[in-house]
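Below is one structure, written out as structure tokens; comments come after it.
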């Protein structure tokens, strides 16, 4: 399974985070985060709950505001300027734990909404693109249904297709399988693996260690708002350096 | 233990159990009656009791209806007819026949103009259609947009050119907005932004300067005599000094903000179109419609607002106020959620103030108080004042209902919209509002029905709506004094028909919009 992790990673920098800090009120959630992501890299972020992993990736598309430090996404510096934020968001796709599909729109409308309104794509073209990606996540036949009529796994795959319709250069996954039944986790992970194989730059917050081993170039372990350890998956799982990582791995792999 | 399990726990079913109908007592009407009417001793007693009350009521009311007299010219005549026929009880529906016109159109609306009201009402149904039923062709919405102007002409009469010119100026204002925001190249827009920025900045500075002088004048006229006057004197002087100090910086700030928006054109196009609209209405409206009317006169007999009355007035106020207060309520609800403290503050103060004041007070203010505040020569239509007050009143309630809907939306919907790169306007219009409004339907309908019934309150400020008509001209007439049940019952029936239809429509709409399972 190692051929995926050996796929070429370009020298081009996709995301560069320097000395980023964030507080919720007085609570220091992210401390001195430094992270550089190359184009084509696939990074898995893990760690105990409350360690700031979701907050970290949500800072990348400005769903959360950071108070100190610098984030550069695709050459655009993330500032409070709304134009920059919208530009970055249209280049960065995101999948959420609870899918967050728009329940009042059909699957097809969910997928075409942003291309039509943000990218100003003609409706017909947007629909073709949407069908292309729905086929890719293997649910084209559901296009005219509403999200409420689909299973969790199907909804998450639609959410992935919805993001892909914007042709993002980077994809963020915020615990995409945590709200799913075990049966459905696989179908979502398969979609993500396929995406990784195509060379998408991905940052995944997930507890699926099998997925991490299979596709990640790098695994990052976070605790208490800091990056505690990062390494290639083999090294990370077989030879964790920090005590905290060892404890965490023994807890999630122990049974 | 059954045979299947006798020997071994392993079990494979080889034939499917066929479907069979439920027992007779568990299906259809029998089941419904058993479960809902006679499910226990207590329920059975209640059912029989209720049945007794219903039957007694019917026995009491039915002869009253059945014996009702439809043709008579006064209550006395009614009673005579009943006595002659030897009937003990009977309604005097003749009042409805005799005063039908008054009940429906009021007593001053010109009789040969009734067709105008009826036509306006029929067209209202056509105009409301596409707004209420999404299955109708979208092109009909054009007629819906045009309808208010047509209806205004039909109901109030006068020249058709007045509403048409207003419509034309509104369209022109929108075209100015389009032109500046998206049709002209950026370098020209930069020049336009500069010019408008200078005009608005200078205008604002000038207004603040005048205001400051006014405040000084007020302060000096208050003087420093007595207990409270010095405080007021100080407060007015402080406000004046603020206005003096900030008039130029504020002008520069606003002017620069307008100029600075030339790249995406948002602010400058809004300001420019508002400016254009204001000037057009002040300087162009009357010359244009009068000129057009002198060339091709299209006129109906003009009817003054004080001559509107009857159920028509309730319908008029109800439709106009509901259709105005929903958009206003949406804006207020969004404003209350705004992160900008000024906008949020204004909305919160407005909503809380309006909700803290009874509607009847606002109506009195509209009727009596506004006259004191407005310049004496201004001829501000009474119906217009009432419409404004009722609209403000119900928009505050609708805003709170919609705020509830907005709060009920999961945060993830906002985040998903944001993460796709939709801007605030798009996210609100396409994602947030459709869902929030759907949640708010029962609440909005509740307010709308309440509003419609509250339109009868105008009878207290001496407008002759349906209730005002009954209380005033009908019951005070010598023929129909002490006729109560028939007229008020008729009024109640009219209101019930409208309110029940609204409620049925809303329930149908909720079912239509339910996408969770089909």
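Positions of Cβ are set from backbone N, Cα and C atoms, glycine also.
All annotation found in TrEMBL is predicted automatically rather than curated by experts.
Looking up the ranges B:403-422, B:483-502 in TrEMBL, the one annotated as transmembrane segment turns out to be B:483-502. Range with TrEMBL annotation transmembrane segment, chosen from B:113-133, B:134-154, B:155-175, is B:113-133. Counted over residue pairs 6 or more apart, the CB atoms of the transmembrane segment (B:346-370) and the transmembrane segment (B:266-291) come under 8 Å in fewer than three pairs, which marks the two as apart. The stretch in B:41-66, B:192-211, B:439-463 that contributes the largest number of Cβ pairs under 8 Å to the transmembrane segment (B:311-334) is B:439-463. Contact between the transmembrane segment (B:382-402) and the transmembrane segment (B:266-291) is not supported, since fewer than 3 Cβ pairs fall under 8 Å when only residues 6 or more apart in sequence are counted.
Taking Cβ pairs closer than 8 Å, the transmembrane segment (B:231-259) reaches residues 190, 193-194, 196-198, 200-206, 208-209, 211-213, 215-216, 218-219, 222-224, 267-268, 271 in its own chain, all 6 or more past its ends.
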